[in-house]
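Worksheet: the structure to be examined is printed underneath.
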């Protein structure tokens, strides 16, 4: 769920998920349109696409089990829905960590009017 995703983000990046990722670029936060603006925004785009694939599992609410091991995240559920949602969140949190070097504050509160073009999942 979103609280577990937030915990993953903190653990993987050291950043506050609300201030750092809730309104970044064209896809980090609610909704999304246009082309992702950088690698971090693309992490959010891929996460949105992943949630779309598992929407019947109610990904924003679904509780799953996971742990942090050797600097990474391990999803623990055998339940297919819970595991799928966990994997969406794990991949995104890891993507944020892997792209910290290109994270750019100019994309905070990015105006939606600048989000043009189209991108397919």
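Note: Cβ is positioned from N, Cα and C throughout, glycine not excepted.
Among the candidates 48, 77, the residue that Swiss-Prot names alongside 27, 29, 31 for the Ca(2+) site is 48. Of all Cβ atoms in the shown protein chains, 15 besides its own fall within 10 Å of the Cβ of residue 49 (disulfide bond). Least crowded of the disulfide-bonded residues (50, 86), judged by neighbouring Cβ atoms within 10 Å of its own Cβ: 50. Candidates 44, 86, 88 (disulfide-bonded residues) were compared with residue 27 (Ca(2+) binding site); those inside 10 Å Cα-Cα are 44. DSSP gives residue 121 (disulfide bond) a coil state; it is part of no helix or strand.
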